[in-house]
Every structure is written in structure tokens, then in C-alpha cells.
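The annotation transmembrane segment is assigned in TrEMBL to 12-34, 79-99, 105-125, 132-152, 194-212, 241-262, 295-316, 322-341.
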Amino acid sequence: MSKKTQNWAVPLIAVLLGMLIGAVLMLIFGYDPFWAYYDLFSTAFGSLKNIGEILRAMSPLILIALGFSVASKAGFFNVGLPGQALAGWTSAVWFALSFPELPKVVSVFCTVIIGLVAGGIAGAIPGILRAYLGTSEVIVTIMMNYIILYVANNIVRFGFTADMLRSSEASNKVAASASYQTEFLSSLTGGSRFNIGFFLALAAVFLVWFMLKKTTTGFEITSVGLNPHASEYAGMSSKRVIIMSMIISGALCGLGGTVEGLGTFQNAFVQNSSLAIGWNGMAVALLATNSPIGIPFAALLYGVLSVGKSGMIGVPPEVIDVVSALIIFFVGANYIIRYWVRPRQKSVKAKGGQN
């Protein structure tokens, strides 16, 4: 089996193994896995509204997964996805509430830019620290998640004016002109929250793929990720590439948070913990092996699991969370799967010179 085939076979096997072990767990606890999975998929695809909800759930995951992918290509393990997404979410909602009279096209354009900038700034900080001080990006980005969480919560509590707030813990909903939802898309999908964020995500998939595969910037990012010392010898600035890749990564995550804030919830509110879409976006990227083309398909799986689990009558929804975790476990342990599927090559040394 070629390496190219392994790149799609390994995630597929990981999904099948995760669902298989999930089925075994259901049997152990007295649930029928066949009907549970039937209910899951029939619910997910059983109505236009649920299909719209799947596409809606996919949108921020695609953007955040793309952000993780870009950083990974540069050899940077960005664990700050939740914080970067929250930075974009809070900033974009604040702008939308501050300027409710703007035309929809102008408002959407401005909030997209603000989400990108806010996330990019949040991503630049650990990038600069890594490039110039050699700090661990994992530790810095984890701590940045907490910093941004507390800052964002206090912005909601004290930074929003009284007329922006519905309560001390949540803002008002943004005006229809600032929302990413539209009447057309909602009616097209049976009243779902499907919104223009999906099209932003698809555009980002193409742009990231094009950047990584067809541009000098993408070549530099990949080269530095593979061997920063050789890249420096070839005339590339690894510091510049690290910072640039983290800005791009954070910007994409910020846009993912903006899509969640203005497309799904349409307001900002105090968060009790890091955004789940940040961690799920990382899982999507890992499942897709950081391939921009594979990310939408991995996000589709997560969208189906998220929407479909509500239809698993009698089965705790946590079972699906376990299945999702198992899938990521097998993706993380992909070297085991690759051992199973790799071609059994003959030993040239052992047979060298024999007729």
C-alpha cells in the first residue's frame, strides 16, 4: 500500500475502530449498537433542518482545524485554539453590537476582518516568544487560553455598555444585519441555523491549500517545519516563518470563533471553560492528518456525531463522546495502524546477489 493510500486509509480505519469499540461498550452496558447507530445517522440526515445544522456545526471546526494545520506544518503545536477562537468571537460581537446600523455586507466584512485580526494577535504572541526566546509553544498557548478566557469574560461583564447587555453574563443578540444567518439559508434548510460561515470555511480551505501547495510562503512553512536548520542554511528566516505561521493559524481560529459567535449564538456571553470548538477543531485536524482537503470530511463526521446523537433514544449522549475520543486515540496511535497496513517489503539485504 502506497504512502498516499495510507494517508486516507489510516483515518478511515481509526474511525471504524472507534465505532467498533463504541459498539462493544454499548453491548456491555446493555444497549443495542445497531439501532443506536441507526438512530444516530437517521437523525443526522433525516431532515433538511438537521442537515443544515450539520453544515452549521462544520463551519467553525473547518476554520479552526485549518489554523491548527498551518501551525503544524511549521512544526508548531498550537494548543491555543480555544483562546484564539474566543478572541475573534468576543471582538466581532462587540463590533456588531457597537455598529448595528451598518449594511449587512459591510458588517459581515468588518467582523470577518476583526475576527481575523483578533485571532492573529492572540496567535502572534506565542509565535514571537517561541521565535526569539525559545519558549515552549505548548505551555505558552495553554496559558494563553486561560488569559484570553478571563479577559473575554471581563470584557463581556465590564467592557460592553449597558445597552449591549441582556444580563450581567450575556450580551444582547446582534442585529439581523450583523448576523451571519440569513432568511434564505434558513428557509432553504428547514429553519436551521445554517449560515454564511460555511462558505467562508470552504473559501478558507481552498486558500490554505493553495498557499501550502502553490506559493513560496507555503513552501517556506513546510520547509521550516521539516528542518529549520536546513531552511536557515537555504536563506529562509525560521523566526519570520514561525511568527507568520502562528499569525495565520490564530487568524483562522479567530474567524472560526467569529462564525460561531455571529452564526450560531449571535451574541457573546461569559464562558465557564475553554471553547469546546477549539479542542474539537484540533481533533478534526488530527483526524484529517492536517490535510486541508481532508479537513471538511473530518468536520462532516464530527457534525454528524454532534447532531445525530440527540436521536439515540435511551443511549447516553456521552457514548458518542467516547466514540469521538476513541477515534482520535487511534489517529494519535496511527503508527500502529500504519504497521498493519504498510506493505511487507522484501529484505533486499537478505536476498542481495541471489538469482
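Glycine is treated like the rest: Cβ placed from N, Cα and C.
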The transmembrane segment (12-34) touching the transmembrane segment (132-152) per 3+ Cβ pairs under 8 Å rule: no
Contact call for the transmembrane segment (194-212) against the transmembrane segment (241-262), three or more Cβ pairs under 8 Å: yes
